[in-house]
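Input: a single structure, listed below in structure tokens.
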Amino acid sequence: MSAMALSSTMALSLPQSSMSLSHCRHNRITILIPSSSLRRRGGSSIRCSTISTSNSAAAANYQNKNIGTNGVDGGGGGGGVLDCVIVGGGISGLCIAQALSTKYSNLSTNFIVTEAKDRVGGNITTMEADGYLWEEGPNSFQPSDAVLTMAVDSGLKEELVLGDPNSPRFVLWNGKLRPVPSKLTDLPFFDLMSFPGKIRAGLGALGLRPSPPAHEESVEQFVRRNLGDEVFERLIEPFCSGVYAGDPSKLSMKAAFGRVWVLEQKGGSIIGGTLKTIQERKDNPKPPRDPRLPKPKGQTVGSFRKGLSMLPTAISERLGNKVKVSWTLSGIAKSSNGEYNLTYETPDGLVSVRTKSVVMTVPSYVASSLLRPLSDVAAESLSKFHYPPVAAVSLSYPKEAIRSECLIDGELKGFGQLHSRSQGVETLGTIYSSSLFPGRAPPGRTLILNYIGGDTNPGILDKTKDELAEAVDRDLRRILINPNAKAPRVLGVRVWPQAIPQFLIGHFDLLDAAKAALTDGGHKGLFLGGNYVSGVALGRCIEGAYESAAEVVDFLSQYSDK
């Protein structure tokens with residue numbers, strides 16, 4: 001198996017939607033949301049922990065002070081009903097709405113998106129100050145067709161920026177940053193693994209390894225069995241730290257890296273499954289690619305000229321008054337006629353909304369609390385997903401602070417670096433932001449985004465932001481930065497107490513149990529979405545959004561007026 005397949009991105013993807021709960025106000029108002037757009041008024045902008053100028057203040061400007069009250073309906077009948085309410089205005093919720101508005105535009109689905117915060121985008125947090133542009137949540141995405149379609153449909157085609165696919169990626173091993181092979185011809189020559197380790201990996205990928213066990217394997221068990229100890233310790237373990245901030249001895253191979261896991265199931269070995277997949281694609285070619293989409297040149301990652309926040313901002317602007325911010329869901333009930341009644345705390349008091357279907361894209365622990373009145377079994381399953389803390393630490397150094405041995409043609413080049421937990425550093429990984437995308441730092445400066453914490457280091461919650469910045473700086477001076485360099489400029493330290501859902505062994509069992517409990521309890525039309533369902537990468541959230549939209553459309557097809 002190529003290391004390229006498991007090391008294709010250095011981006012660490014954080015949860016894409018979140019929702020805070022707060023106490024309800026007084027003054028109950030029951031309304032019918034009309035399908036026509038209403039005017040919206042401005043809100044307030046998000047601020048950063050250290051330097052607090054946001055490039056996306058527009059994303060915060062969605063307060064709904066004046067709610068239309070045409071068709072006020074105080075009971076269960078006689079008034080109109082929404083087709084769908086999407087709970088959570090992070091990237092998953094917004095992209096479900098966008099999919100309903102574009103891919104299924106012919107159906108004229110009447111929906112709203114509700115978000116408890118005063119801005120959309122969830123944990124996507126782009127900041128800008130003094131010539132710097134940095135991310136404090138997700139950093140980038142892989143430019144899959146689903147992501148590119150969402151960007152183009154949002155009017156952002158000309159704002160896309162893609163990293164150089166030839167830029168190297170590095171892993172720290174034995175005190176040295178070592179490049180990860182980016183193409184098959186690199187495999188014999190890279191020094192991250194020994195010659196015997198490469199032979200072991202090749203033989204295992206061909207099928208000369210122990211047979212798979214009957215039980216669900218962890219990532220560590222699967223990789224050690226199939227590809228050997230070196231691939232696990234020097235490639236996959238740091239990759240798990242960088243993508244999931246997780247412990248590979250607990251992560252489920254099937255759930256966390258299903259596309260690799262299924263190869264062995266399909267073809268008897270990783271290579272066998274790969275060959276079978278290639279043949280299946282030849283026998284069943286995809287439909288013609290959308291000619292509107294740009295074509296990336298090789299494996300790379302992408303963003304937008306002014307950061308990831310451009311996407312949720314653009315989607316929200318296009319959806320207009322269908323997006324309701326500062327709407328905190330306080331209760332959900334099922335009526336006798338099959339509709340759902342949702343109660344919200346809003347700036348205008350309590351609002352009740354009636355709908356045929358609901359998609360919950362909030363984190364599982366929030367969904368658990370909200371759904372407990374409907375199903376204890378579903379709520380209990382959803383409460384068991386684990387979210388460890390992660391901090392995003394953005395530092396800037398003068399270019400001359402970079403160690404000479406880490407420069408390529410006199411510049412810091414590459415996507416970034418990942419760190420195995422065995423190498424004695426706290427930092428999980430480092431993104432070379434100013435090398436990856438243009439316009440991220442002033443001339444003569446570098447911008448470096450670092451992640452620290454995760455499932456193996458929850459103690460970051462006991463540290464101050466200054467202590468976290470010092471810990472990252474200390475690690476970098478052992479690897480990338482000259483020990484005697486001046487102190488960095490700390491642009492931002494953002495701590496996410498519950499960051500990335502862990503796809504642990506038994507993940508699908510919990511998810512299936514929650515879904516089954518809702519269905520068996522008579523709660524059809526109530527769907528679960530978000531990153532704990534689709535996958536943690538931003539691209540998987542968008543792909544999952546299209547899947548959720550298809551579920552909603554299929555459910556609504558039972559109504560004669562659809």
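Quick reminder: no glycine exception, Cβ is built from N, Cα and C everywhere.
What Swiss-Prot annotates here:
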type	residues	note
BINDING	88-93, 115-116, 137-140, Val323, 536-538	FAD binding site
COMPBIAS	278-293	compositional bias 'Basic and acidic residues'
REGION	274-302	region 'Disordered'
TRANSIT	1-48	transit peptide
State which of the following binding-site residues has the fewest other Cβ atoms within 10 Å around its Cβ: Ser92, Asn139.
Asn139
Look at the binding-site residues Gly88, Gly137 and tell me which residue has the greatest number of other C-beta atoms within 10 angstroms of its C-beta.
Gly88
On the DSSP side of things, how many residues of the compositional bias 'Basic and acidic residues' (278-293) fall into helix, strand and coil, could you say?
6 helix, 0 strand, 10 coil
Relative to the Cβ position of Gly90 (FAD binding site), how many further Cβ atoms are located within 10 Å?
28
How many neighbouring Cβ atoms, not counting its own, are there within 10 Å of the Cβ of Glu115 (FAD binding site)?
32
Tell me, how many other CB atoms lie within 10 A of the CB of Ala537 (FAD binding site), whichever protein chain they belong to?
24
Applying a 10 Å Cβ distance cut-off over all chains shown, what neighbour count does Val323 (FAD binding site) have?
25
